[in-house]
Amino acid sequence: MSMPIASTTLAVNNLTNINGNANFNVQANKQLHHQAVDSPARSSMTATTAANSNSNSSRDDSTIVGLHYKIGKKIGEGSFGVLFEGTNMINGVPVAIKFEPRKTEAPQLRDEYKTYKILNGTPNIPYAYYFGQEGLHNILVIDLLGPSLEDLFDWCGRKFSVKTVVQVAVQMITLIEDLHAHDLIYRDIKPDNFLIGRPGQPDANNIHLIDFGMAKQYRDPKTKQHIPYREKKSLSGTARYMSINTHLGREQSRRDDMEALGHVFFYFLRGHLPWQGLKAPNNKQKYEKIGEKKRSTNVYDLAQGLPVQFGRYLEIVRSLSFEECPDYEGYRKLLLSVLDDLGETADGQYDWMKLNDGRGWDLNINKKPNLHGYGHPNPPNEKSRKHRNKQLQMQQLQMQQLQQQQQQQQYAQKTEADMRNSQYKPKLDPTSYEAYQHQTQQKYLQEQQKRQQQQKLQEQQLQEQQLQQQQQQQQQLRATGQPPSQPQAQTQSQQFGARYQPQQQPSAALRTPEQHPNDDNSSLAASHKGFFQKLGCC
């Protein structure tokens, strides 16, 4: 994770291999994002599709969201939500539908939708069609794209040619320039968030930018006033690629996006960065080690055996001041000069187009891609589990034991008829929306049961603590020779009024000292039991 990030990657399971060359000019396909805008006034094909969908009265409305978006198969899942392929039923355009639990601690889809609306119409940025709430989830509908650069990097043997890196780098710089032109900085540059288009489309090999959950305004859109410089900021982004200033806790600006791009370029060229694989007891110390390694690594040592222009690029962007505007065109010319030195041209030919004997990538042959960060083999929350304290582990162990006891009781109470009925329940396709709904309902039920169990465990612990405190008080009173205090039941009786009627006890004056310990303990236990019964938890 890297840091907490909500990556979303869009892909489709039935994508075929890429045909045709890419248009390297990132401005040439500006109208692509407008072809899919919702509009009832479409071609005759669109009208026919709409008529057919309206005439089908038996359609399954449970798989339709946002009025006319049909949910298909699940194509990705991660700690922040689930991704489905879908179809616009009005015009037949394929879309990606992102689901996010509404009760999540840090919802991001609404803010991401606002960012997409700001960027709508920008070349090679997915178009956002809809945001809304469906049951227990927020949903976001955007353009469906192809695999990420990280996926393609894997398929190509975890190393790109210099020519491919140059062409990819030029497009990535242009994407970030367009983002900066809209007064936004990205703050989470990584290969997972740069995708190519769908096969058969004019932009099939164009690089697209997705997932704006970490994006932030660096200046006021009206006054163009830049945000102030600050320090002691928390880390935002992916540690492998973030800038040195970000490691130092400094406010991010345009320069940090450009430096992170440079780290990605070297990642593609080398296949590995010097600060990868560092070990540390926890994430905080690991990020510190990564930052120290970045500072101690000379850019030209990093570029050893590679075109010197890449080292020069990283040196330039690291020297930018906080508010300085990057020279995007100068960076593109610098990197394109690498192709001149090699006698190559930016002809839109990429390494992934040579896969499978020149047929291009194919999901039926290549492994399933890392779908916009969903389904990542090492999600951030998995790493943090290794560093939990002993107290939390003990609580979890107690919870597990309590759950096992309840499961055993439920299993024992299950009748033979229930067992027979469960065997004949139809199995759902795990990639279907119905399966996801069922899974979500089960998850919320489990969370509710877990909260109830935690509450019960806390009440039991509280009761034990109160008993221990009462016993300690009684022991102290007996040690000093003072008579024990009145039973707790009398105080609680006064608190709860006439509804609470504890068993009457003889007065302390009529009891012998030998009677006090037993009487006090029994009355305390009874009083606490009655107290929790009134709360409805025993």
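A Cβ is built for glycine as well, from the same backbone N, Cα and C atoms used for every other residue.
Swiss-Prot has this to say about the protein:
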ACT_SITE  Asp188  active site, proton acceptor
BINDING   Ile75, Gly76, Glu77, Gly78, Ser79, Phe80, Gly81, Val82, Leu83, Lys98  ATP binding site
COMPBIAS  41-57  compositional bias 'Low complexity'
COMPBIAS  391-410  compositional bias 'Low complexity'
COMPBIAS  474-498  compositional bias 'Low complexity'
DOMAIN    69-353  domain 'Protein kinase'
LIPID     Cys537  S-palmitoyl cysteine
LIPID     Cys538  S-palmitoyl cysteine
MOD_RES   Ser522  phosphoserine
MOD_RES   Ser523  phosphoserine
MOD_RES   Ser527  phosphoserine
REGION    39-61  region 'Disordered'
REGION    366-428  region 'Disordered'
REGION    474-527  region 'Disordered'
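With respect to their backbone Cα atoms, Ile75 (ATP binding site) and Asp188 (active site, proton acceptor) stand 23 Å from each other.
With a 10 A radius on its CB, the residue listed as 'active site, proton acceptor' counts 25 other CB atoms from all the protein chains. If you draw a 10 Å sphere around the CB of Glu77 (ATP binding site), it holds 18 other CB atoms from the protein chains shown. DSSP classifies Gly81 (ATP binding site) as strand under the three-state reduction. Asp188 (active site, proton acceptor) and Gly81 (ATP binding site) are 18 Å apart (CA-CA, integer value). Ile75 (ATP binding site) falls within a strand when secondary structure is assigned with DSSP. Spacing of the residue listed as 'active site, proton acceptor' relative to Glu77 (ATP binding site) is 19 Å (Cα to Cα, whole number).
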